[in-house]
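Only one structure is covered here, and it is reproduced in the block below.
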Amino acid sequence: MYGIEYTTALTFLISFLLLRYILKLVVKIMDFIVYRFLFVILILSPCIKAQNYGINLPITGSMDMAYANSTQSETFLTSTLCLYYPKEAATEINDNSWKDTLSQLFMTKGWPTGSVYFKEYNDIAVFSIDPQLYCDYNVVLMKYDASLQMDMSELADLILNEWLCNPMDITLYYYQQTDETNKWISMGSSCTIKVCPLNTQTLGIGCLTTDATTFEEIATAEKLAITDVVDGVNHKLNVTTTTCTIRNCKKLGPRENVAVIQIGGSDVIDITADPTTAPQTERMMRINWKKWWQVFYTVVDYVNQIISAMSKRSRSLNSAAFYYRV
């Protein structure tokens, strides 16, 4: 019995020593082959000339400089562009493949397939409340309507800037605007806004707080009204609350990755004159109205000039989050 155990142990020991010897031999052979191969390459290298397909960059200097055979990174190769258009555009064009056609045309301007998104809206006023501006660059096409000239100017102000808003309870409280960035924004099917400024004793200045007919009317039957009153003065408000909502808003700053293109109209709507618009960068443009195909062709042709007036937003952002917070 003990003899069998000794024999088994001896067998394992011999196998282990044999395996160790074989592995050492294999390592020596591989070393010999590798070293010989490297030696041959070293000898033949000066005699062989081959094309270098790599990029030869100097060790020193700015990596932003353009070198021969290097690849430049363009804005549109790493960015997304959203083009927002009214529903009537698709209705007039009446072509199921019109977006594919435009995508191919955008490629000629350096925007690859998949980087341009076409987004339809039904009503510009509703769109301005919840614009969903997710792309790095966002271009909004807004057709001019002479009957809504002031509304369009205010809609552009909403789209091109970020706002922080809170509901107003005008039945219980007086309100005042703290500075030029503080506005009251009213929206609805019909907004009539009346105000009564108050003195330090909460008595009306030129009006009676108990009689709304003596209030000063500053907006009449408008769908959108951005109200600006004298800063630092309490006001009692009267608003047609059945058809309108009013909110106390603060302009946080420009959405620099958004541009508005006015389609048609004799004059371009200019909101840069507003002292709260800073920096004074023009991101409001106009295209002569003919047909929607002509409008889109013009946008494609000048897309890179339009983008140059904007700043890329590096992260996706639900812009509506800046509008109404309770």
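Every residue gets a Cβ built from N, Cα and C, even glycine.
Sequence-distant neighbours of D95 (Ca(2+) 1 binding site) (same chain, six or more apart, CB under 8 Å from its CB) are T101, listed in sequence order. Marked as Ca(2+) 1 binding site by Swiss-Prot: D95, G206, T214, E216.
Within the same chain, residues at least 6 positions away in sequence whose Cβ sits under 8 Å from that of D301 (Ca(2+) 2 binding site) are K109. The Ca(2+) 2 binding site annotation in Swiss-Prot covers Q177, D228, V229, D231, D301 and is backed by sequence analysis.
Feature annotation from Swiss-Prot assigns disulfide bond to C82-C135 (among others). Sequence-distant contacts of C135 (disulfide bond), defined as residues of its own chain at least six apart whose C-beta falls under 8 angstroms from its C-beta, comprise S79, T80, L81, C82, Y117, N257.
What Swiss-Prot records for C165-C249 (among others) is disulfide bond. C165 (disulfide bond) counts 18 other C-beta atoms within 10 Å of its own C-beta, drawing on all protein chains shown.
Per Swiss-Prot, disulfide bond is recorded for C191-C244 (among others). For the recorded site, C191 (disulfide bond), the DSSP three-state label reads strand. Of all the Cβ atoms in the protein chains shown, 23 others lie within 10 Å of the Cβ of C191 (disulfide bond).
Marked as disulfide bond by Swiss-Prot on the basis of sequence analysis: C196-C207 (among others). Other Cβ atoms within 10 Å of the Cβ of C207 (disulfide bond) number 20 in total over all chains.
According to Swiss-Prot, the N-linked glycosylation site annotation covers N69 (among others).
Under the heading N-linked glycosylation site, Swiss-Prot lists N238 (among others), citing sequence analysis as support. Proximity of N238 (N-linked glycosylation site) to non-local residues of its own chain (separation of 6 or more, Cβ distance below 8 Å) is seen for I170, I193, K194, V195, C196, A212, F215, given in sequence order.
Under the heading signal peptide, Swiss-Prot lists 1-50.
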### Message
Taking 10 A as the limit, how many CB atoms besides its own sit near the CB of V229 (Ca(2+) 2 binding site)?
### Response
19
### Message
Need this for a regression test: recorded positions Q177, C207, V229, filtered to those with Cα within 10 Å of E216 (Ca(2+) 1 binding site). What's left?
### Response
C207
### Where C82 (disulfide bond) sits in the secondary structure, as DSSP reduces it to three classes
strand
#### Entry: Distant-in-sequence Cβ neighbours of G206 (Ca(2+) 1 binding site), under 8 Å, six or more positions away
P197, T214, E216
### Task
Please work out which residue of C82, C196 has the most C-beta neighbours within 10 angstroms of its C-beta, and give that one of the disulfide-bonded residues.
C196
### Query
What residue among the binding-site residues Q177, T214 has the most other CB atoms lying within 10 A of its CB?
Q177
